[in-house]
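Per TrEMBL, the features are:
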MOD_RES   B:Thr179  FMN phosphoryl threonine
TRANSMEM  B:44-62  transmembrane segment
TRANSMEM  B:69-88  transmembrane segment
TRANSMEM  B:94-112  transmembrane segment
TRANSMEM  B:124-143  transmembrane segment
TRANSMEM  B:210-227  transmembrane segment
TRANSMEM  B:234-253  transmembrane segment
TRANSMEM  B:259-278  transmembrane segment
TRANSMEM  B:290-308  transmembrane segment
TRANSMEM  B:314-332  transmembrane segment
Amino acid sequence: MSASKSVKTIVSEGVWTNNQSLVALLGLCPLLATTTSATNGLGMGLATTAVLTCSNGTVSLVRHLVRPEVRIPVYVLVIASFVTIVELVMQAFFYEMYLVLGLFISLIVVNCIIIGRAESFASKNRVDLALLDGLAVGLGSTLVLTTLGGLRELVAQGTIFYQAELLLGEAGKALTLNFGNDYQGALIAILPPGAFIGLGLLIALKNLIDRHARRRAPARAAKAPVEAQAHPA
Amino acid sequence: MKTIISSPHVPRVNRVDRIMLDVLLALVPGMLAMTWFFGWGLLINLVLAVTFAVVAEAAVMLARGRSPLIAIGDLSAVVTAVLFAISVPPMLPWWLTLLGMVFAIVLVKQLYGGMGYNPFNPAMAAYVFLLISYPIAMTTWLAPGMLAEHSFTFMESLRLILDGTLPAGLDWDAISSATPLDEMRGKLDLHLTIDEIRHSPLWGYVGGRGWEWIAFWFLAGGIYLLWRRTITWHIPVSMLLALAICSGIFWSLDPQTHPFPAFHLFSGAAILGAFFIATDPVTACTTRQGQLIFGAIIGITVFAIRTWGGYPDAVAFAVLLMNIAAPTIDYYTQPRVFGHGREHR
């Protein structure tokens, strides 16, 4: 087995450079369907992160016991168990949120991100790294879900984190931003086309940030040699 | 700037700006008729839409590091703006026109690569975007001139569009009126027969009063385009024929619950769509056979949505649906090159 990745690489790849929602474009179904508000996106993202971290850890623990021929059914069983746990926990403590997200909680079982990480990372790495990878990838996805949800919510109804108390309790109300009650939003943003357009814009934004970062990186590296000063980029 | 023109060197060259200028010219009679029946609103919307579209196009071209003058000079943004202004209600608030034009030019056209690369018709995409987002504003039509209780002066129209204030003593209920397609649908849903429905001053010879004349003048413009060979007959004829045949079949089965074909042809955006929107050279099919299929399916879709769908008119939806199907249709209708046999499989 090849050398394990460093902690720093795992975190930066999971959250940004190999962000499963923006780069790998995995798990699009919940991404497009549940991000009608920042609260929904955050709830969905946290539920996915919980399942992903636990399943990554478990898959890593049993990786030497499972024969390759039956690994996929085993992964699915592991994931399904954790999804059931998360679903019951949400039913008990975040009942309204559970009603809002509805079927999509159960559908975390078939989220490609989770089985993808189990297959490509957890089954080949130590438990601590697998847990960290699950957490990083989950947070990266949560970031996208929340941003897209906030964006769509803002365009459609002029609010951000509307009904945050469903997820965060009474303290969540402080998070809700409301930009004027007579705002006439574009309804299309919370309909399916808005999800696709919003996701496309987020991907474009990420590529733009990356391009700026790439342009700056060589300039910083090349400061030392004299030639670079003679021909500034 | 010098333009390089490739051979054959014939006097008439199909340059984009000339085609677009032809299209604009052909739209003039229809627009005059619309202004006659619906007042100044169309012209105000037209000026606003063209301004917004040109500014948006120039801004994106500057951001892409290209010359904005060439992009504006080909007049395609102007045609998009004009088609949009014709499609929307005459008293649309100015900021909806702004939203629509930014959506059309920036998202639908330039993000896909600009002139010649957009898979969807920008004007229709903007129309659908607004129709879905702001259904009330996008379906509030005025009554045509001879039926209206109040005829708007230029300043009143301007104030209504820019500021949203109606002239004193009027409210929207008094000045707005259902379009002929709306009226027909609504009354048919109440189980009235066509004979009963047409006992109303709203109706003219075949379609709605006023509306049928607008359609007629767009038809005249379309025929001008055919005569100039700016467009070919394939898409408009197949689309209108398909619409006429579909509605004809249902009309002959039951003339009291299905309006006759001429009503379908001269209502809504059928004529405008057939000659000016579906024929957009960028987003339509390019093979002759493909164009016939493209137009026919638009016609069938328009009839289906008008009759059983959720919206009274469907030209924009039908055109957008077929826009995305056009590359596939083109792929399967490649003409056989002379001298080459059929492909053996």
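Going from the start of the chain as shown, residues are counted 1 onward.
Each residue, glycine too, has its Cβ placed from N, Cα and C.
Just so you know, TrEMBL annotations are computer predictions that nobody has curated.
For B:Thr179 (FMN phosphoryl threonine), the count of additional Cβ atoms within 10 Å of its Cβ stands at 21 [all protein chains shown]. With a threshold of 8 Å between CB atoms, the same-chain residues lying at least 6 positions outside the transmembrane segment (B:44-62) that come near it are 31, 68, 70-72, 77-78, 80-82, 84-85, 88, 90, 92, 94, 97-98, 100-102, 104-106, 109-110, 114, 157-158, 161.
Looking at B:94-112, B:124-143, B:210-227, the range that has the most CB pairs within less than 8 A of the transmembrane segment (B:259-278) turns out to be B:210-227. The transmembrane segment (B:69-88) is not in contact with the transmembrane segment (B:210-227), judged by fewer than 3 CB-CB distances under 8 Å for residue pairs 6 or more apart in sequence.
Below 8 angstroms of C-beta separation, residues 222, 226, 259-261, 263-265, 270-271, 273-275, 278-279, 284-285, 288, 291-300, 302-304, 307 of the same chain, each at least six residues beyond the ends of the transmembrane segment (B:234-253), sit close to that stretch.
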